[in-house]
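Take a look at the structure set out below.
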Amino acid sequence: MSVFLVLIGLALLVVGGDFLVRASVGLSFKLKLSKLVIGMTVVSFATSAPELLVSLQAALEGVSDIALGNVIGSNIANIGLVLGITAIISPLAVDKDFYKLNWPMMMLSSFVLYYFLWNDNVLTAIEGLILFVSLIVFLVVLIRSSRKSIKANIEEVDDALAVVSNFKIVMWLLIGAAGLYFGSLWLVDGAKQLATAVGISDYAISVTVIAIGTSVPELAASVIAALKKEKALSLGNLIGSNIFNIASVLGLTAIIKPIAVNPETPEILSTNIWWMIAFAAILIPLILIPKRLEIGRLKGMLLFGGYLVFIYTALK
């Protein structure tokens, strides 16, 4: 039953998230927002909704391990699993803007999160607000810099959604909200039951099974694109997802319900958050050495191999 709840929860999160993105973009077009703003804010917030609902549901149920493990595991999976496998299939070119703005913000938010948790073993509402406000400032800077560049990445905005009827937008919002609510509820309950049945911690389940599950849609889309020799993924978008996970998902969750570090899972601060920081940090030498601005198959194998080691240590 626990496995069924996890699977149906993940499926509902994927479906609910997709409907929410469609509805959000359609509504944004109605409000006359530019494609650039829609792509960099509305789509980003909407695609982070599944992780937000899972972490919020877990925090409200008092399972802080899942709230933290969901984000830490998802950030590791985005780089080790999604980026690693995609690069193995098809080498990725990297834009110079990546290490000028996105990467520094990802590293900064990761270290700030570590400090907040290490300081008093809890992510407070004030600290959550600081994270969220920093995200807003980052987005303003990002939009301004992107407006100066003709290469601003707005491919993920579907023009067809500009002519969608109001009725469809409302229906998509309702379906998306219902999918995210019940998906997060059943996923958290299923994860707790599965952890008990297997004999491992809630945190171990969240940092592996739940994190992989929430990364599956992006992984599937990237692999299909890579096999078709299309642009597999934007590294900037992937790193942006990691920034949103920390500043938006954990930030908003902490504002609503402070997240305490469970003393029974010290590996959150002693080990796994450092895995997250290490996967983020290694991107710079990988991008610059030996072939600049490319993540090739060998580098992809290194990332994926590192991810397998992480999974082994997390479940051990």
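Placed from the backbone N, Cα and C atoms, the Cβ positions cover glycine too.
According to TrEMBL, the protein has these features:
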DOMAIN    2-143  domain 'Sodium/calcium exchanger membrane region'
DOMAIN    170-315  domain 'Sodium/calcium exchanger membrane region'
TRANSMEM  76-94  transmembrane segment
TRANSMEM  124-143  transmembrane segment
TRANSMEM  169-188  transmembrane segment
TRANSMEM  203-227  transmembrane segment
TRANSMEM  239-260  transmembrane segment
TRANSMEM  272-289  transmembrane segment
TRANSMEM  296-315  transmembrane segment
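Outside the transmembrane segment (124-143) by six or more residues, the chain places 36-37, 40-41, 44, 101, 105, 109, 112-113, 116, 243-244, 246-248, 250-256, 258 with a CB less than 8 A from a CB of the stretch. With a threshold of 8 Å between CB atoms, the same-chain residues lying at least 6 positions outside the transmembrane segment (203-227) that come near it are 6, 10, 13-14, 17-18, 50-51, 54, 58, 65-66, 68-70, 72-74, 76-78, 81-82, 85-86, 89-90, 187, 191, 194-195, 233, 238, 241, 262, 265, 267-268, 272, 311, 314-315. In the domain 'Sodium/calcium exchanger membrane region' (170-315), helix, strand and coil residues by DSSP number 117 helix, 4 strand, 25 coil. Sorting each residue of the domain 'Sodium/calcium exchanger membrane region' (2-143) by its DSSP state yields 122 helix, 4 strand, 16 coil.
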